[in-house]
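These come from TrEMBL:
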- 55-60, 239-245, 337-340: GTP binding site (BINDING)
- S59, T245: Mg(2+) binding site (BINDING)
- 1-21: region 'Disordered' (REGION)
Amino acid sequence: MSTPPHAPRRPASAPNLSTPEIISQRIDEELRKEAALLKERKRKEVKVLLLGQAESGKSTLQKHFQLLYAQGTLDSERPSWRPAVYFNIIKAVRMILAELDFEFASRTPGNEFTTDDIVQDLSNVRTALLPLVAMEDALASEINGGVSIPGGRSGAYVRSGWQTMLDQKASLKLPETATVAAQTLSRVANEIKLLWKHPTVQHYIEERKIRVEESAEFFLDQIHRITQPDYMPTTDDILRVRLRTLGVIEHNFSVLMGGTSYNWRLFDVGGARGQRQAWVPYFDDAISIIFLAPISAFDQYLEEDTKINRIDDSLQLFTAICSNKIFEKVHLVLMLNKTDLLRQKLAADVKIKRYITSYGNRPNTYEAAASYFRQHFTHAHKKNTTESSRHLYLHFTSMLDTQTIQRIISDVGEGILQKHVSQVGLI
Ligand SMILES: Nc1nc2c(ncn2[C@@H]2O[C@H](COP(=O)(O)OP(=O)(O)OP(=O)(O)O)[C@@H](O)[C@H]2O)c(=O)[nH]1
Ligand SMILES: [Mg+2]
């Protein structure tokens, strides 16, 4: 190969850039740069796990993070929540009808809530609603992208990237089954209202014979708004939607603190018992755990094991987290969540001691209950903390109180960041 006439000539004294030593120096330099970049990235990366049993409010808390730090992404995801709202309503209608069937089958004469006329009226409403109820599984399957939950459990859930999948498929347009569901819902909106407001249904709700999911009441009360053809979920709707999380979903936020932009990596996990083994690979190098325990759940049992009281399960899980060596130095935040529902239940005179005998003769008030649950969780932490310096940051929360929860997120965030900054020096 000949040198082109105008190519600059290497002076005789200049080093030969292709000697093995130079190549090796260059590789070293590249590796150093890469390591420095990695270190810098790690320095700005804050890894937080959201843990707790199913329905404890982890995904709802994640939405609040999103609302605070990445409002734009929540806005762009808005359309993909529409099928989920429909799904929540259809499921509630199905649960109400199933319970009515059961109650009517065993009705006794003279009961003012189950007269022949009432049974006939509600049976007509039922007939009108059957086509809607029949769509539940197909809608769940569409939301799930056709993948079913291991173990054959039905229902709708979200997994990593689900919104992108829906967005790519349909952008603002509703997917096929959801479109039919929207039309059917508009057609039977009056019947849903009739059913929901019916004194017999309200009576069974009060008597706690009909138990719908916690967000159902909110959606059913607003059925006419939701069944409008141009309905788009509000932020409140998104916060209320119930969809199980499947596996572990990572959410990234850029958070500006003290003039530096940190990359928050928030891991939201599926909380049901069968899902918990999927958490383990994410335990390494987590700087913080936010553990959610719904203290309103004292009268509820696990869906996956109906013998186990949900508060017991939360305590057991929290104990396991506290005693795990890998979390000895973690910044541990405990949110005793759903305080609004706890207040509601106590106002309706649901007795804690009926479900938790050790509650004894303590007053059935919010203050006494909150202090009792706090004591149990702090005790579990203290008993299972070998690293004496690990502190427990405890908050009573309601995810419906957006203003307060956002202030708590800011406070919790600062604490987590301080911990992070004190540890990055070790990297
Ligand atoms: N009233 C009330 N509802 C809440 C609160 N926190 C969460 N919810 C509702 O409880 C339901 C379950 O919340 P999620 O955030 O989906 O629960 P999760 O812990 O992510 O559940 P999994 O994904 O199954 O592990 C949703 O309908 C939420 O809107 C709260 O403080 N008060
Ligand atoms: Mg979830």
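A Cβ is built for glycine as well, from the same backbone N, Cα and C atoms used for every other residue.
Mapped onto this structure are the features recorded in TrEMBL.
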| residue | record | DSSP class |
| --- | --- | --- |
| E55 | GTP binding site | coil |
| L239 | GTP binding site | helix |
| T245 | GTP binding site | strand |
| T339 | GTP binding site | helix |
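By the rule that a residue counts when its Cβ sits under 6 Å from some atom of ligand 2, the binding-site residues E55, L239, R242, T339 yield nothing. Looking at K58, S59, L239, R242, the binding-site residues in this record, the fewest other C-beta atoms within 10 angstroms of the C-beta turn up around R242. Separation of the C-alpha atoms of R242 (GTP binding site) and S59 (Mg(2+) binding site): 9 Å, rounded to the nearest whole number. Of the recorded residues, S59 (Mg(2+) binding site) and T339 (GTP binding site) place their C-alpha atoms 17 Å from one another.
Packing around E55 (GTP binding site) is summarised by its Cβ count: 23 other Cβ atoms lie within 10 angstroms of its Cβ, all protein chains included.
Every protein chain considered, the tally of other Cβ atoms within 10 Å of the Cβ of T245 (GTP binding site) stands at 22. Neighbour density for T339 (GTP binding site): within 10 A of its CB lie 23 other CB atoms from the protein chains shown.
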